[in-house]
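Colleague: First the structure, which I've put down as structure tokens, then a few questions once you've had a look.
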Amino acid sequence: QDALKSGMGAGNETAVAEFILEGFSGLDQRLQLFLSLLLLLVYLTTVMGNTIIIFLFHVDHRLQTPMYFFISNLAFLETWFTSTTTIKLLMILSSGRRTISLSSCFAQSYFYFALGCIEFVLLVVMSFDRSVAICQPLHYAAIMKQQLCTHLVVATWVTGFTVSGNRLVLLSKLIFCGPNKIHHFFCDNFPLFKLSCSDTSWLWKADSVLISFVVLGSLCLTMVSYMCIFLCILHMPSSSGRKKAFATCSSHLTSLTIVYGSCLVLYARPSEDASLETNRIVALLNTVLYPFLNPFIYSLRNKTVKLVLKDAIGRAKLCL
């Protein structure tokens, strides 16, 4: 059988020119249309919320601090990340166009994992920034200089795209000779590997090691920063200050629970144990719900951001 697969791969490397994404194909047509409208509303809200954050950061000096510099980068990242999968899912649910070309599938996989890696590293940077701000407030300005913040963000983006670029090279060497149905709503790695008639054992192992290293490594570093934050909060003399800090951290931890929990469910266990239906639902949390919540958790519920937004709306009315 292995010899037959090898022969098929050698003679039919271009046998599969496109894939069919079968995610949610079993749902009733009316339910798919309803989900597409709901998904469109969530997606537009996500894009609008992140765009507002980026705009306010660039036009108002009150938000031009290290914290909002990182948050504006996260907003840009989340807009791009959710777009890599949500736009295609909207097309699937609304029009039934389930096909995706081989190159588009590889591109979607590349950006999904590249932006995911960037986000995990950026969350570590953001947690470090908050720990310095809370635990060493007198030295915060001296430590978190603009040059350091810029270098951290650039290193984060370069690392994510470089690591995933190497993965894309390995992925492009896979041979697909049929079938071409992906049991998911985007080109995730596990269902994609299963369709290849090449030997993918080495790619399974490489991906598992990479994902575990990025997810678990960033989780440990983020938790260390939040442990430092909690210890510093407990030593605050003001009870109102402690309550405010705990409320902020709890909302951040809710967001982190969603993104890390979903990724651990999806990628930190053997693929044979994973239910396809469970994977699709958890992947929706990761690609749709988490980007939707982030603008509200990190920015739009903040008093300073509310004040800046109110002033911006007031100036806009005067101009009109």
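Placed from the backbone N, Cα and C atoms, the Cβ positions cover glycine too.
TrEMBL feature annotations, pasted as is:
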{"type": "DOMAIN", "residues": "49-298", "note": "domain 'G-protein coupled receptors family 1 profile'"}
{"type": "TRANSMEM", "residues": "33-57", "note": "transmembrane segment"}
{"type": "TRANSMEM", "residues": "69-90", "note": "transmembrane segment"}
{"type": "TRANSMEM", "residues": "110-128", "note": "transmembrane segment"}
{"type": "TRANSMEM", "residues": "148-165", "note": "transmembrane segment"}
{"type": "TRANSMEM", "residues": "209-233", "note": "transmembrane segment"}
{"type": "TRANSMEM", "residues": "245-268", "note": "transmembrane segment"}
{"type": "TRANSMEM", "residues": "280-300", "note": "transmembrane segment"}
Colleague: Sequence-remote contacts (6 or more beyond its ends) of the transmembrane segment (245-268), Cβ cut-off under 8 Å?
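Modeller: Counting only partners 6 or more residues beyond its ends, the transmembrane segment (245-268) has Cβ contacts under 8 Å with 116, 119, 123, 130, 134, 188, 207-208, 211-212, 215-216, 219, 222, 226, 229-230, 233, 236, 274, 278-279, 282-283, 285-286, 289-290, 293-294, 297-298, 301.
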Colleague: State the non-local partners of the transmembrane segment (280-300) in its own chain: residues 6+ outside its ends, Cβ under 8 Å from one of its Cβ atoms.
Modeller: 23-24, 39, 42-43, 45-46, 49-50, 52-53, 68, 71, 74-75, 78-79, 81-82, 84-86, 112, 184-186, 188, 251-252, 254-255, 258-259, 262-263, 265-266, 306, 309
Colleague: Could you tell me the mean pLDDT the prediction assigns to the domain 'G-protein coupled receptors family 1 profile' (49-298)?
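Modeller: Residues in the domain 'G-protein coupled receptors family 1 profile' (49-298) carry a mean pLDDT of 87 in this prediction.
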